[in-house]
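Accompanying notes for the structure given below.
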Amino acid sequence: MNPIVINKLQRKLGYTFTHQELLQQALTHRSASSKHNERLEFLGDSILSYVIANALYQRFPRVDEGDMSRMRATLVRGNTLAEMAREFDLGECLRLGPGELKSGGYRRESILADTVEALIGGVFLDSDIQAVEQLILSWYASRLDQISPGDKQKDPKTRLQEFLQGRHLPLPSYLVVQVRGEAHDQEFTIHCQVSGMAEPVVGTGSSRRKAEQAAAEQALIKLGIE
């Protein structure tokens, strides 16, 4: 891997790996090597959930469990992590197999999001829970400052449904138009048709549910609600 690119990434992350092999593994998609990042992703997913849950618990002492769960879901969902990955220019650092490279895997939201979680797992193994917690909180500083309890934290499908019901309009329809990849690493493409929109909006994700949520979010943006 290009050391200039890797050093640039570590500066953006705010962390330099002692064990560079952990960084390399975190950046390796299963299409590129048998020593890929999925176990690190599993670990990072759990650590991220704990760190964000704890941060919300400390910041919002009077907010109930339901609102905290919705805020956490907003902060750790795939499109938030993919957005963060793009801020780190993570796409240019990924190790992908030829097929994924050809199909633009370095832009795929699910791959970017999974890699952020794998990096969190790698940082934890390279250091300790205190270090990874401080790093995650630094990544999330502005997002934690901006988030607040309330209806905005409901998932996009729920918000879209409530918006349409409030105006006595038909519910949206979701149609799977494409499924790419192997069973262990699929990408779903969904068309969401909303009453009053000439064209369906498109969402992609690593599961049908995630793709539907992404499509609903695009619909909310087009409707001027987001």
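Quick reminder: no glycine exception, Cβ is built from N, Cα and C everywhere.
Of the residues Glu41, Glu182, Glu187, Swiss-Prot places Glu41 in the same Mg(2+) site as Asp114, Glu117. Local packing around the recorded positions Glu41, Glu117 was summarised as the count of other Cβ atoms within 10 Å of each Cβ; on this measure the leading residue is Glu117.
On its own chain, Asp45 (active site) has Glu117, Ile120, Gly121 as residues at least 6 apart in sequence with a Cβ closer than 8 Å to its own Cβ.
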